[in-house]
Each structure stands twice: as C-alpha cells, then as structure tokens.
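Listed in TrEMBL:
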DOMAIN    4-92  domain 'Potassium channel tetramerisation-type BTB'
TRANSMEM  150-168  transmembrane segment
DOMAIN    222-424  domain 'Ion transport'
TRANSMEM  232-254  transmembrane segment
TRANSMEM  261-283  transmembrane segment
TRANSMEM  335-356  transmembrane segment
TRANSMEM  368-386  transmembrane segment
TRANSMEM  393-414  transmembrane segment
Amino acid sequence: MEKVTINISGTKYVLSMATFGQLTELNDSKFLHNAERVSANEYFLERSPIVFGSVHQFLTTGELHQPPHTCPHSFISELEFWGVGICDVQKCCQNSILMAIDERNTLNKFEQYTKNNNNLIYEKCKNMCSTRNMLWVILNEPGYSKLSKVYAVIAGIFVLMSIFVLTAQTHPVFQRKLNVDEWQDYLGDDFGQEDIEAFIDNELYYYDNIADDTPQSQNKTRFHRPFTTVQYLAIIDYVATAFFTLDLMIRFLVCPYKLKFIFDFFNLMDLIALVAVFVHVTIEGILTKERYRASLLDLVLAFQVLRILRFLRMIKRVRGFRVLVYAMRVGFRELMTVAMFVFLAVISFGCIIYFLDNKTRIKHIPDGIYWALITVTTVGYGDIVPGTPQGKFVACICALLGVLLTAVTVPVFVNNFVLYYSHASVLSLQEDIEKNNVQPNGHVIVVKSLPNKNPAYNKTYPVSD
C-alpha cells in the first residue's frame, strides 16, 4: 500500500493515501504550495509538529484536541493553515480556546484604551504656542514635569483647605457669637440698640400658646441663638475659591479643544462646586439673615465636596486607577445584573419580613426594605431585628443569600482587574524597553530580533547611568 511522508520540521508522519487525500481536501491542497518536495512521496514543511499531530489524529479518529502546553492562539493559527476550523475542536478543548480568543480581544481593546485617551488634545497641542502648551501640561498633567508636580501639590493643598472649611464651620469650636452689627443685620430695623444689647447679655426664651392657669415657666423654650463662623475660616474659603476660579479659567483659555474641556467630567464637577459657592454668597448678600442661621441654603455648600474629586484628576494617569475605571466600564452589565438581583432580593425580603414578623419592630414595609438591604449587603447595623421565629428564619435565608451574592460576584471583578492590571504592567514594561532598552530594575537587556526584520540582531545594550 502506497504511503506519503510528511516531514514537519524534522518530525516525520507517514500517511496513507486516503489520509493524505483528506488532508489535501481540508485546504484545497494549499499547504502543498508551501511545502518542499523532497521525493515523490515526501514533503517537508516548517510548521509545528505538535499541532500537526493533533491534525493527523483528527484525520484518523475524527477527534481534534489541543495539545498540552500549547498556546491557544498558536494552535488556532496552525489549524487555519491546515484548513481546520475551531468548530471541529472537541468541547473539552474548545472552551479554553474560545476563552483565550475572548481574552485576547478584551486585552486588545484595553490596550487601545490605554494608549492615549487624549489623542485629540495632544494633537492640538502641537499647533499651539509654547507658552500655552506649557501651561496646559502643567495644569493638567501632574506627572509630566517637576513644575507640574509642584502645582498638583498646591492644588491638593487648596482642595484640603476647602474641605476643611466646609467641615470645620459646622463645629462649635469654629463658631462665634454675633456682635452688635451682626445682630442688627439678623434682627432688622424693628429692634433698637437696647434690645440688641439685651439679646447679647441675656438668655432668651419664647412661650407656647397656653391657658391662663398654666405657669409660663413650665412651657418656655430656650431661643436658639444665631451664630457665624470665625473670620479666618471665611478668609481661607475666599482664597480657595479665588484659586479654583483662576485655575478653571486659565485651563479653559489654554485648552486646545474647548468642547472636550466643557464636557469633561472633572471640569463639570469643578464648575458645579464653584457655582454653588457663588450662588451661596449672592443669596447671603441679598438675604443678610441667611448668614447667621441654618437653612436649606446650606445644602448648596454641600456641592463643594465635589472638589475632592480633584484628587482623582491627579491620579488619572496612575496605572491602577486607569485599570479600575476600565474594569468598571467593561463590567457595567455585570454590575447592573448584580444590582438587579440585590433590588429583587431587598424588595422580596422586605415585604416577607413585614408580614411574618412582629409589627412592633418592623412597623411598615419601608422599614422591612431597609432591614433587607442592610442584611443582604452583609452590613448588619442591628437597629432593626426580627423577633419571631419565622422572622429569624427569613433573616437567616436573607443573610445567606447576601453572602452568596458577594462570593459569586466579587471574584469576577477581581479577576478582571488582575487581568487588566497585569497586561497594563506588561505594556508599561514594553514602553520602557522601547524607549530606553533597559529593564525597570536596571539590569542589562539583550534585544534579539529576526535578522530579516531588524538589523539590531543579538545586540547588547548596557544600562546607562
């Protein structure tokens, strides 16, 4: 019986004519164009002998398996050469191949994402004058130069000062009593100088509407005195507001792409915080009394907390932060799925615990929903607890469900983060090698390239001091 020998990089496979015919039918004999014919019945190819062994097994047994210790992408490439599709791979090996393809596609997208998120702005910077370009880089790239790092530290100090003022002005240590002029602003023209001095020197009370036979001393309530913050806090706040106003204006003026700047998330947060301050100051200037009492106007100042996001701007180039943001973007669907399950569990257990437990502890369904949310998230404040046996049984199921949700969902995001972070580390190392031909630890690196692709073949580059 006539045989055909296929020499794959030194490993010879002897095929029957029937098997050889099946091999030629797989890719319409295209592999023969790349083969060197040694003799009448022997062909030589420089391909992977390990993968061809799997192809030969597929031709003889009908089952195609991935060889152990073989890169899935290399295996796929060899299968394409021989004309075998991935769908022919057995299920036991097909899953790992499909996962490898999906991982490669995901990492390619991540690599594209990490290359440059501001390509358009940087292209615009090339056409700007050197002064504008320098200002833009200093104000927006904290790690670009020493000057930009110094400015980032200064901006961070002002952020901390602003947050300190916002929190300190609510503490009694940083509050003081009103003086005569401030009392006049607070009370208006209906009160004279003597009345104001009486307010300052004496404790004030007001009385409820009572019957004539009820002693007033038993129904009086102490008047809550107005207050204001100490002067130096106001000065610090004005200085910080002036700094952030100038910072935003200068960054907008030197920005090469105004529209992108306006719709940038961090810039919008800075603008909202500044608008909140100016609105608060304007209203207090019109309604003087609002300076010295707590009101809904104070909620406007709460937007100053958005300035803390400035620190995120400073670390936006940090590898871990970029990876975290990308992992959350890619896993948005999974996050929404988890949120949906939590929502369904909270509503269900909140209603069940209300109807099964003692109404004196869980008085209405919103209380039950609050309890279910705290239990499912495994927080467990303990302010609301079931008191009946059936309520405790439901609580056990709710707590177990919360643990299962955490145990199942958290590893998914952790694995994605580790995958992206490791790939980002590799990309960073490759950039260092391409720029300096050195490893980060300072060791000598040997660059080995194919002779027909790069003349720097087997050249050694020492580390420069």
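Glycine residues also receive a Cβ, built from the backbone N, Cα and C atoms like all the rest.
Tertiary neighbourhood of the transmembrane segment (261-283): same-chain residues 237, 241, 244-245, 247-248, 251-252, 255, 290, 297, 300-307, 309-310, 312-313, selected by CB-CB distance under 8 Å and a gap of 6+ residues from either end. For the transmembrane segment (232-254), the residues of the chain that approach it from at least six positions outside its boundaries are 128, 132, 135-136, 139-140, 155, 158, 161-162, 164-165, 168-169, 174, 261, 267, 270-271, 273-274, 277, 307, judged by C-beta separation under 8 angstroms. Within its own chain, the transmembrane segment (335-356) has Cβ neighbours under 8 Å at 328, 362, 364-373, 375-377, 386, 388, 390-391, 394-395, 397-398, 401-402, 405, 409, counting only residues six or more beyond its boundaries. Note on the transmembrane segment (393-414): residues 327, 331, 334, 338, 341-342, 345, 349, 352-353, 356-357, 372, 375-378, 380, 385-386 of its chain, located 6 or more positions outside it, place their CB under 8 angstroms from a CB of the stretch. Here the transmembrane segment (368-386) has long-range neighbours at 342, 345-354, 357-358, 361-362, 392, 394-395, 398-399, 401-403, 405-406, meaning same-chain residues at least 6 beyond its ends whose C-beta is under 8 angstroms from one of its own.
Within the model, the domain 'Ion transport' (222-424) carries an average pLDDT of 82.
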